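Beneath this line is the structure, given in structure tokens, with notes to follow.
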């Protein structure tokens, strides 16, 4: 279960409220790279964790920390919305700047939330539970988590570039630091479990002898215009997992043309699809004539 | 631009059609771990690729290959739907098995698609473009791709366990092999670019001196019930990127209680929120009395 | 910020795992009536709360409690999935019951989450951030919260009816009790603030003199087939807010037919929409003839 | 069944078209607080109404009225879009105001709908059927409806503040008046049915003796930083439903740590999760050594 | 504005309730081929109609009729849910059939709606406003409407095949008849406006001389495996609009390889993407060495 | 399977990058009228095609061409984003134009994608798989495809009007030409199969004698305010399919009022809904009194 401390994990100060920046911050709350996603992702992974308990505990603790990150970002949004324009009327005509700000902000920050953060991204698209990934396989989960922290830190550095408000820059620099740790943290689990040679291919519990051999370490080139430049570490030499040798092969079709059966009559395709007569009425006449000849 | 070969990349054979298995295969087409996602993800990453051209080409070629994977899976779904029950009527009463199959299949495979694959997951939830991740940062993208292939291979092995149809098992063993390659492939890019020590923290172009120091290599423990078991490779020793030393610290609040300003009157909060009088009419009377005393 | 206790808020025991019941429990996690919704709704309302601090604190504390409810439900799902069938193959043919169970369960509980809970509803539809409602108006928020707890308790009682597993029944009876409290809790805020007479109509800060008079306390009957039966407390007598008298009136059009201007040529409507000539070529010929006559 | 009158329920006049305001009005059409939601919510509740017929009729009639509200709002959007800029080109360079307007409007009002309303909110997010709530329990439904009308009236007053177009202000003042009525209307049903003491807790048909006693009237405080300020009408005194006494209690864990079983091998977790060996290859060597000692 | 008649447009009788069929009927309510879509699509098209008023009126009247179709289908769902199993418990063990039915029905018909219809499809996926298409171009709209009625009638015939309940079959035969009319109706508008020769290509108000000539009547063959079989009415002879001659041409690239500029440093790509050094640290050393030689 | 050519199908040149236009182009990529939709729609229709193989091949080839259209549009977006403002700071204060541009562009083009295209529409709403329509009926599919190309060409002409960048205008003129062809192409299939008289009503394999007669060629007028103007080609004369005669009839209810059964007690409606006592406690007292009298 969970407890709450009224104080924030880190200080959140907005020196000069900016409703357009409030909108941008929403990406870090309810966007696919945002904190609701990592918070719930780590917690759901923990709640379904069936391996050694220390991974469960670690996920629970970091998931709980991310909760505090949502809290700080929501506070930052609310503070940036103080003084937001609440009207399109006279100011709009008087001052083009107001129009520009209104254009740059999320109108629902006035209309729907009344100067508060929402569970949406920078375009007002709602948070979506499908972004919460937990597979029941710890290595796949760690990869999902590294990915989340990588895109999260990229986002945070872009937000940091977007503003010159000292309070916001300091706060974002804290989030950036935490993302550094979390990238390292999830990869540390993989290293502890044996690194790439031990963990790859994920899942490592499927017998590789069952794979169709000859395709598991080949780069398949589908390029058809001159020479492919898609060569590098992945097209020759030992594979990253140390279990194969990379090869470069040209794509070629190994299966034939697919043959589907006729449609089920109760599915009501057009008659012509069921009879194969595709020439319309005159085609039918032709076919009958042919048959008579 | 693209060309099409009528033949499939690998053979797709269904020995005994099973509409419940058709539903399961949908997860590998339109699910978050599915092939539409990786296909479009690699292509969109390529189309926005601004770095060295070889990564662009590699992404284009593998994205094009994934197109062929969607094609094979869609064919497998169509073949598994041949002979699917198209009626709830007399058979339902006669044979409970039909009911069970109908329960296990996606009814829209009859109602909407007429025995064809759809761009949905195993529960009929449509494919969502938010799953296509491309950040403009190659290391973040590679992590997204490893994650996609890891969850994709986990899914494929589970589908392989689900069926004993020899044709389907062979086809899935091909997909599993390709996922092995692709996991290695994306990690090979990271290694070529310098490995974790060179690439982490992502993005590596942000000056780490700007991070709030002291938080970038610390595991923050939010546990409050006895000792935390969340200790391991991530709580002491050198960090994975080699740029710091892991520490284990207890969570503590560094920010104060947030103070938001009063609501903008034009946002029409309740009057009591604006005046601070929360005692209703009697509360107001009390306040007036207090003021008179 | 937040802390985590490894122990659950209440005991979660599953005497006989049932994967079909695991699916049903998902409605209480990721459904529109579920706990992710109330948890984030209360927390977002708190983080945007601009009124007296006690409401902020109350929302934070109950939001934090709801986090523990998600945790318990996720645990209940994981426990109900132990022993779930992971295969469609031989068992399916041998035992129709397996087919029935597979039909009744969420296949993604095997395919995607590996026997874990997900952030989806009982049909696998992902949680959606649009369900998190916070308006910046405390009375509107309290109504949203009573609504959430009312539909949540209805759901919990139906889940309680669905199962005869003693552990699950006991756990659900705990959730039902908490929903009783929370319904009372949100209404207590409204009472403290002055009750319906003080708080209605929401928002109470908009001057009612600005409303179009004559329509704010009238039930408009759109029935056109004989006498309306839609009469009751709402069609006569004093209004609930005590500020008007209910009336029953027949619907009638007070506005005229709307008149839109012609389409902007750059929007490329059909030529006929812009010229008003709707008779095709022959219509045009007729028009020309008419003009010549 | 339904009939249509060409005339509008109330007059809709736009004195000065404003495409940015057209975008804002979309929130009242296709947003979560909008008229499509209430229209379909009341109608679906009616169509599933199993209680006394007068509630069914009332819901049908008001749902039918809301249809006319969508119609008026859609007309208002179309009128506000007359004269919207259809080009980014020369005007953009010449007049920054056009850019501001374009930034503030929904580009799909030109690109997709050709100066018409759409079934989306102010950010272009499509209407979502999950917002249509009907539980089969009339008290829960009335709470959902009060909530909808409360957030709807808050939205309408904010739109009223946004504009100084006299036609729009008059039209919105009509909608605001109708929302006043509808808030009173749904609460009148609750009063007619017995008020809070008779209707709470919802559903009132579940025997409260089955609830886990001791938790149904207690405010659970999860605060951990000094004294909680979350005290008020809800923390002591009789409950709103008159069936209990409010208490204030500190949160504490009553359940133990959850214990999940090992992963099903066919779900292909990592080997280390199934064996419990988390030290990688060297860890395995250590374990073997330990066993040999 | 709108009025309601308590009686249904056509009789809805369910002789033998079937909760699995209730689920299937949901596709015709809240699915992409369903009646909410056509109802709102025709009404929104009407509300934005800027051409001759008779098309506006026709759309309004048919949209209003579709409202009655939703009503009948919702009633059919509610009737099919009478007697649905509300429990997984003892019956489940006793009778496999119950399990099958539960598997075949939508559990939310019990859990969420209490035996009522919902605004979702046969898989419980909510209705989505993006399906409501109105372009501001009448010919494009008529094509959207023909498409909607074509897929709608296909769906209705499949539902008709699914059941042998005489009441349901009669009701569906009514809907099928209405879809026949509506397909003819929308095409009649196109014929009245001049038919394909007058209306195509849509929009017919764009000057075809501005099209890139040579591509507007050519079938582009992307096939690369032997001869294409994609020949027919579309590959030679006069075009359907009578304004061109069909041709069959092989796909070929007319544009070069795309050249994107380097990434903006503030977007924080990896350093290697900005410098072009892709060989990691050793690659850098090699480059320096090369420079020194 | 598929192959890739590094060169584009047509040249994509951006003379003057414009991030606001980049946002508009997203509608043609990930919008409901966009190229991802048609690409996947044609391919999925092909993969499920069960009729004569030439239609399958044609769909595959055009679907493959559309892939190249996404590629060109994604390139156009990336080129238009070169030089996009990456900051809200000093420039915002200095130059209102920057604010206007920032308001007009999609902030996620900086924050999330780093100057690349995304799988979203012009408002950042993600592509949705539900837009991919394939029914298993070729005539219904062709109608879906004509609709898609009609709305697609309308969109393309509006984008062409939006810009005066010569490179962009030329590129869009190419897409407009292709849409002309594709509209003709899908209609050519219908003509080849027998035209409207042979193909309508869709599906033509359902026996029209099973339709409820008298309703399949009647325009039902729901207008209730004076005379309907909804008369035209569809209200008299032979039907388009030549199988009936159009009629104009007034809407009238043929079904009675629906009668639903009482709620299942396990669904926990309110007690009053189950007992029919709607007068609350006092109502109950009255009823008892009445019974005693």
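The count begins at 1 with the first shown residue.
Using the three backbone atoms N, Cα and C, a Cβ is placed for every residue, glycine included.
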Of A:149, A:210, A:211, which one shares the Mn(2+) 1 site with A:35, A:69, A:182 in TrEMBL? A:149
Helix, strand, coil residue numbers for the compositional bias 'Basic and acidic residues' (A:265-274) per DSSP? 7 helix, 0 strand, 3 coil
Residue A:66 (Mn(2+) 2 binding site): which of the binding-site residues A:35, A:57, A:149, A:182, A:226 is the nearest Cα neighbour? A:35
C-alpha spacing of residue A:149 (Mn(2+) 1 binding site) relative to residue A:226 (Ca(2+) binding site), in angstrom: 38
To the nearest Å, how far is the Cα of residue A:149 (Mn(2+) 1 binding site) from the Cα of residue A:57 (Ca(2+) binding site)? 19
Taking the centroid of the Cβ atoms of A:35, A:69, A:149, A:182 (Mn(2+) 1 site), which other same-chain residues have Cβ within 8 Å of it? A:38, A:39, A:65, A:66, A:148, A:152, A:175, A:178, A:179
Within 10 Å of the Cβ of residue A:182 (Mn(2+) 1 binding site), how many other Cβ atoms can be counted across all chains shown? 27
Using residue A:57 (Ca(2+) binding site) as the reference point, find which of the binding-site residues A:35, A:69, A:182 has the shortest Cα-to-Cα distance to it. A:182
Candidates from A:35, A:57, A:69, A:149 close to chain C, where binding-site residues are judged by Cβ under 8 Å: A:57
For residue A:35 (Mn(2+) 1 binding site), which residues in the same chain are close in space, meaning a Cβ under 8 Å from its Cβ, but six or more apart along the sequence? A:28, A:29, A:66, A:69, A:70, A:73, A:152
CB neighbours of residue A:149 (Mn(2+) 1 binding site) within 10 A? 26
Filtering the binding-site residues A:57, A:66, A:69, A:182, A:226 for a C-beta under 8 angstroms from chain B leaves A:57
